[in-house]
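Record features, source TrEMBL:
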ACT_SITE  91  active site, proton donor/acceptor
BINDING   195, 196, 197, 198, 199, 200  NAD(+) binding site
Ligand SMILES: NC(=O)c1ccc[n+]([C@@H]2O[C@H](COP(=O)([O-])OP(=O)(O)OC[C@H]3O[C@@H](n4cnc5c(N)ncnc54)[C@H](O)[C@@H]3O)[C@@H](O)[C@H]2O)c1
């Protein structure tokens, strides 16, 4: 292991952190090859085998990594249910101490250990790539367990899900435009995208070709090249949320919607790919109080899990996947309507929708 400058991640202190422990099973083990603490949290299998990615990241203490696994796996239960999948919620987290990065050989050991941990759960949980892992690393996990998806296409896998995630966010943007402006046409709409990575970059291309007026930002200044290619206006990352526009689209890391950001937003709606956007649960009510329509993240970004679930079935059908991902827009529209009809936040409405399926199961 080598030293590397510490970084932080989207371990946003979201509402999930305050939830009571309700997990079916949590496995915490020390990898026999890597010596790393590996947590596999199975929150719920009420709807089927739990599905959620494997995160490998730096945390101050191994218990922080476990807390992240608990929080993220509970969020996956809601996400998979809201996506209409017969999948439960789970997540695995490999704890890297602060300042540590792994060599390729050490990553291999960590993935084999992860595979063993997942295999010991007898099919309760299926993993995929997440922050800090990749399709290539999932191929190593597959040496120890069949309960892994999203392997590279050249190895017969279904690859990474960013196209589907981006398509689901796009459908959600159209639904949000319709609710706010009475039209799904994004031509001439001013949209601010914060984070031009796998998902944000694809969205920027799609929105630019549909005629949206784009302002974009990323902490990675290399992404200015994409902005120039698309004719988008570039703004510093800490200024993006202050731009006066129609929509703010967070596609970076979690926790972007802090009290200060919510107070400073100059848009009519927020709809983006980032997980755990709300830095605090009450943010949903504060956004509503400011007259800003927020499309709940765990519904909006469900395209990735829909793709992983449907593309790995023996009867996989590309057209059915496309339709299912586009239907995320209808789910978002339903949540907006419920929120108005019931006088509740869009977060409450989205949780109700997800929980209804769980209760029925
Ligand atoms: N990739 C998927 O299929 C998928 C699925 C569901 C949810 N998500 C979520 O969507 C978000 C984006 O995912 P991705 O795969 O595009 O990740 P990515 O790492 O490819 O891209 C994230 C981009 O955001 C930038 N960024 C980070 N912090 C920023 C900040 N404060 N301001 C502006 N830019 C910032 C990064 O430099 C990077 O370019 C993440 O929160 C991820 O958890 C992704």
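Cβ atoms here come from the backbone N, Cα and C positions, even for glycine.
Just so you know, TrEMBL annotations never went through curation; they're auto-generated.
The Cβ of residue 196 (NAD(+) binding site) has 28 other Cβ atoms within 10 Å, all protein chains considered. Taking the centre of the Cβ atoms of 195, 196, 197, 198, 199, 200 as the NAD(+) site, the nearby residues of that chain (Cβ within 8 Å, site residues left out) are 193, 201, 202, 203, 218, 251, 252, 273. Proximity of the recorded positions 91, 195, 197, 198, 199 to ligand 1, judged by a Cβ distance under 6 angstroms to any of its atoms, singles out 195, 197, 198, 199 in sequence order.
There are 28 other CB atoms within 10 A of the CB of residue 91 (active site, proton donor/acceptor), with all protein chains counted.
A sphere of 10 angstroms centred on the C-beta of residue 200 (NAD(+) binding site) encloses 27 other C-beta atoms. Here the C-alpha separation of the residue listed as 'active site, proton donor/acceptor' and residue 200 (NAD(+) binding site) works out to 23 Å.
Non-local contacts of residue 195 (NAD(+) binding site) by the CB criterion (under 8 A, 6+ apart in sequence, same chain) comprise 217, 218, 250, 251, 252, 253, 272, 273, 274. Residue 198 (NAD(+) binding site) carries a helical DSSP state (H, G or I).
Proximity of residue 198 (NAD(+) binding site) to non-local residues of its own chain (separation of 6 or more, Cβ distance below 8 Å) is seen for 160, 162, 165, 166, given in sequence order. Neighbour counts of Cβ atoms within 10 Å were taken for the binding-site residues 197, 199; the minimum is at 197.
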